[in-house]
């Protein structure tokens, strides 16, 4: 945070490491404003543009990370002005969808190529697993664009969490943990999101990534609840490790966390846990 030049340097060289560039851009936007964040984002785009201009990267692989960096500027500015993770996460989903729509239009040929490659890969996996063609997923543009939107949103959220953590370390030690542990969705918002997600189950499987994109605020709220509960109850950090292991490798874990995010918005589970802890301490 010494100045723009240092932030731009971190963003440029951070392109070589996951989340460093998004986090640096998010930190600058949180501390300054969106215009400063955009300047740093433009510098972070230089490596991608250089690879594209030298023929080492396709338009899709250039536009996708570029879209993520622009979305994190918008998301960080929303968090900066509203101080609300709820509306920030909803904004991330909307901006990611818009960004992917633009990417899909500009890099239409690349998207079609990815669709063909993914369809071929899925067909091979289904054949090896003995799954019939009627039951196997046939990816199309809707699926691939939804998957890309989900990846952009996840990158932005993780980068923004790191940026907020850095900001707390610099200016308010311990503040990020308190802020994240306190995060829960408004009941009305959570119920609406959950209803849309449940209704989306009836859609064809090609829409699954889009439904997961809509469920992102509920998922993060569930993760925040688990973090808060572990602290309140004095449990060991291994419980968090188990949660993240399940989230990455055990499919139903995400569904459970989404459900916890909904229930917490209605019943305020963390307050009940704190009251239970106080009664038994």
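Cβ from N, Cα, C; glycine included.
Where the annotation comes from TrEMBL, it is an automatic prediction and has not been curated.
Taken from TrEMBL, the feature transmembrane segment covers 36-53 (among others).
Positions annotated as transmembrane segment by TrEMBL: 60-79 (among others).
The feature transmembrane segment is assigned by TrEMBL to 85-107 (among others).
Look at TrEMBL and you will find 143-165 (among others) tagged as transmembrane segment.
Residues annotated as transmembrane segment in TrEMBL: 185-203 (among others).
Annotation comment: TrEMBL describes 210-230 (among others) as transmembrane segment.
Look at TrEMBL and you will find 242-263 (among others) tagged as transmembrane segment.
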Among the ranges 36-53, 85-107, 143-165, 210-230, the one whose Cβ pairs under 8 Å to the transmembrane segment (60-79) are most numerous: 85-107
Interface-richest range of 85-107, 185-203, 210-230, 242-263 toward the transmembrane segment (143-165), CB pairs under 8 Å: 85-107
Outside the transmembrane segment (85-107), six or more residues from its ends: residues with CB under 8 Å to it: 58-60, 63-64, 67-68, 70-71, 74-75, 78-79, 141, 145-146, 148-150, 152-153, 156-157, 160, 179-180, 183, 185-186, 189, 210, 213-214, 216-217, 220
Residue numbers, six or more beyond the limits of the transmembrane segment (185-203), whose CB comes under 8 Å of its CB atoms: 86, 90, 210-211, 214-215, 217-218, 221, 258, 261-262, 264-266
